[in-house]
Amino acid sequence: MSPTILTIIISSLATGTIITMTSHHWLMAWIGLEMNTLAIIPIISTMHNPRSTEAATKYFLTQAAASAMILFSSMINAWQTGTWNITDLSYGPAHILLTMALAMKLGLAPMHFWLPEVLQGSTLATALIITTWQKLAPMALIYMTLNNLSTTALILLGLLSSIIGGWGGLNQTQTRKIMAFSSIAHLGWMISIASIMPNIMIFNLMIYMIMTIALFYSLILSKSKTVQDTTATWTLSPTLTTTMMILLPFLGGLPPLTGFMPKWLILEELVAQNLTPTATIMAMSALLSLFFYLRLTYTTTLTLSPNTAQTKFKWRFKPNRTTLLMGASSTMTIFLLPMAPLVLL
């Protein structure tokens, strides 16, 4: 892809999200979401193979259906209440439709089926954009309409997502699919707390994005597409291997690391709201996620792939990508726990 076209696409992607996040009118929010969707499609299908074309088609169909539902919900709300303001979503069926549409946009269970497939069909860099930047616009809409959304529905979606995100990732051998199920589980945690404590949701989203960027960059630099690929990371860079070993338990939420902090706050708030059974089930589902992260940690640092005389190791070339973002996000991931009280205040 030529630099000019790439610049136009990336700026459209950024502009679409920013329009949605700053709009008060439903039509402007919808236009932002459409810009965002149309900008990412060429990025997904850059590889020109059937799998990436299929991924782009799946992404387009699900996002277009979700956008249509958002437009429909805002239209019936405007029809009933006479207002297009995002914060005035008071008509019952409209906010049920909106919850379903935003769950579909984010890839929350039970509308999560597209996410692992789309990530598997795209490159690691594109998967990074889909799991981080693409979550911002729907999250902003959830944040703006929280007062009118059903708390029960959001908690149920969150509970289901955290269970399916943990269970689905157990059986995977592809790192992109593991990251997709990890994304589903993390978003489930965010949604379950959204209507109770929105500031914890934003905090969780911020930490999730920093940790995901750090880990995805490690996978991109080591070109690890499968679990087996991670066993040869040590030949490329022992430092990178060590960094991945540290980052994986952080993302899994192992106490007392950074990833555990939002989970701890969410569980504490759920128990305070007398939702102890929900908190218990979510804590159990976090163990499922932690298992596949620890398995990745094990293969990265403690396992050697089967070696023969002809085994091809990865050469230690200088990385052709800048490692600045990875360095910054890794450092933040590792040192955010001591800073937690400052962040929360």
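The backbone N, Cα and C atoms fix where each Cβ goes, and this holds for glycine too.
Now, the feature entries from TrEMBL:
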DOMAIN    23-288  domain 'NADH:quinone oxidoreductase/Mrp antiporter transmembrane'
DOMAIN    290-343  domain 'NADH dehydrogenase subunit 2 C-terminal'
TRANSMEM  26-47  transmembrane segment
TRANSMEM  59-79  transmembrane segment
TRANSMEM  91-115  transmembrane segment
TRANSMEM  127-146  transmembrane segment
TRANSMEM  152-171  transmembrane segment
TRANSMEM  178-196  transmembrane segment
TRANSMEM  202-220  transmembrane segment
TRANSMEM  232-254  transmembrane segment
TRANSMEM  274-294  transmembrane segment
TRANSMEM  324-344  transmembrane segment
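Of the two recorded stretches, the transmembrane segment (26-47) lies close to the transmembrane segment (127-146), with three or more CB pairs under 8 Å once pairs fewer than 6 apart in sequence are set aside.
Counting residues 6+ beyond its ends, the transmembrane segment (232-254) has Cβ neighbours under 8 Å at 182, 211-212, 214-215, 218-219, 221-222, 224, 260, 262-263, 286, 289-290, 293-294, 296-297, 300-301, 305, 313-316, 330, 333-334 in the same chain. Tertiary proximity for the transmembrane segment (202-220) is limited to same-chain residues at least six positions away from its ends with a CB under 8 Å from its CB atoms, namely 124-125, 127-128, 131-132, 135, 139, 143, 175, 179, 182-183, 186, 189-190, 193, 240, 243-244, 247-248, 250-251, 258-259, 261-262, 265-266, 321, 323, 325-326, 329-330, 332-333, 336, 343-344. Helix first, then strand, then coil: DSSP counts for the domain 'NADH dehydrogenase subunit 2 C-terminal' (290-343) stand at 32 helix, 0 strand, 22 coil. Per-residue confidence over the domain 'NADH dehydrogenase subunit 2 C-terminal' (290-343) averages 81 (mean pLDDT, predicted model).
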